[in-house]
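Colleague: Pasting a structure here, questions to come.
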Amino acid sequence: MISHSLPLQADTQGYWLIVNQQRLYWPEAQHGLHFSRMAELVPLFGEPEQSGALGEFEGKPVYYWVVNDQRDDEENWQNPRQLLRYGDAVFELAARAVQVALFMQTHRFCGQCGSAMHLVSWELAALCHRCGHRCYPRIAPCVLVAVVKGEQLLLARSSRHKAGFFSILAGFVESAETLEQAAIREVKEEVGIDIDQLEYVGSQPWPFPHSLMTGFIARYVGGDIRCQPNEIEEAHWFEPDALPEVPPVQTLSGQMIEQVKQQIAGNKKAT
Ligand SMILES: [Zn+2]
C-alpha cells in the first residue's frame, strides 16, 4: 500500500526511483534499483519537491522522488519501457513511480472548485479540503486481442508503427463497457472482423502514461479484413512459423503471440 504519511529524512534508507518528465534516473552503469540514504542523492537532485513510499523490493522500502527541473544530463534518464529487461518487479515499481509523479503533477488543483488539492496520508489520493472532492491516480484499461483463425493469427500494423512491425490488436475500454465488449468492438472497428470465445490471458501495467493492458485470445467468426483508416495501416493472417517482427516477450502482446504460436503448434501435433 502506498502511504504518504512519512516525512522522509536525510537518513531515510531504501531504493530510490527518481522521476523527471515520465523518465527515471538510471545511468548506463546502473544494473538494478539504486539503494542509498536520501542524503547521498540531495547533491545530485536538490531537496525533493515530492517524495514518498512506493512499496518494497526484496524486503526493503522503495521511495519515489520527483524532480521537476529541466535536466541537462539527458543520457542518464530512461523511459520505463527500457527497464522491462530487469524483470516484472522492477518494471512494476518503475511504472508506479512515473504514474504517481504524473498523478501529482496533474492533480494540483480541484477539478470541481479549483482550490489546491492535498495528498491524504492513508492512501494514494488527492483531496480538496474545501469541497471534499477526492481523486485517485488515473488507470486506463486497454484490451489486447489475439484473433486466431484455424492455424493463423491476425496481426496488424498500426499507423504509429514502422513498416514491417506487427502486433495483435489493441484499444481502450470505453465508459460502462466490459473488457469483453471492448475487445469485440475494437476488433470490429479496427479490422471489420467478428470474434467469439474470448479467453482471458493476463494483464500488465503499461505506464505510457497510465494504461493497464488486459489480454484475450479470441476465435475468428466471420468477416473480411477491412482496416480502419488512420488507425491500421495493414493487417494479415500469419502462419506461426512465418511471423513478421513483433513485440518482445517482456510485453504482454509478445507473450500472447508466443502463447498462440505454441497453441497452434500443439493443435497441429494433436491432429
Ligand atoms: Zn474542491
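Please read every residue number as a count from 1 along the shown chain.
Just so you know, glycine gets a Cβ as well, placed from its N, Cα and C.
The model shown is predicted, which means the values in this text are computed figures rather than measured ones.
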Colleague: From 171-192, 215-236, 237-258, which range did TrEMBL mark with motif 'Nudix box'?
Modeller: 171-192
Colleague: Need a hand: TrEMBL gives R81, Y136, Q204, P205, W206, P207, F208, P209, H210, S211 for substrate, which of E74, E75, E123 is also on that list?
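Modeller: Looking through E74, E75, E123, the residue TrEMBL assigns to the substrate site is E123.
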Colleague: Taking just the CA atoms, what is the gap between C110 (Zn(2+) binding site) and S211 (substrate binding site) in Å?
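Modeller: About 23 Å separate the Cα atoms of these two residues.
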Colleague: From the binding-site residues A170, E186, E231, pick the residue whose C-alpha lies nearest to the C-alpha of Y136 (substrate binding site).
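Modeller: The answer is A170.
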Colleague: As a check: which entries in C110, C128, E190, P207, P209, the binding-site residues, place their Cβ less than 6 Å from an atom of ligand 1?
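Modeller: The binding-site residues passing the 6 Å Cβ test are C110, C128.
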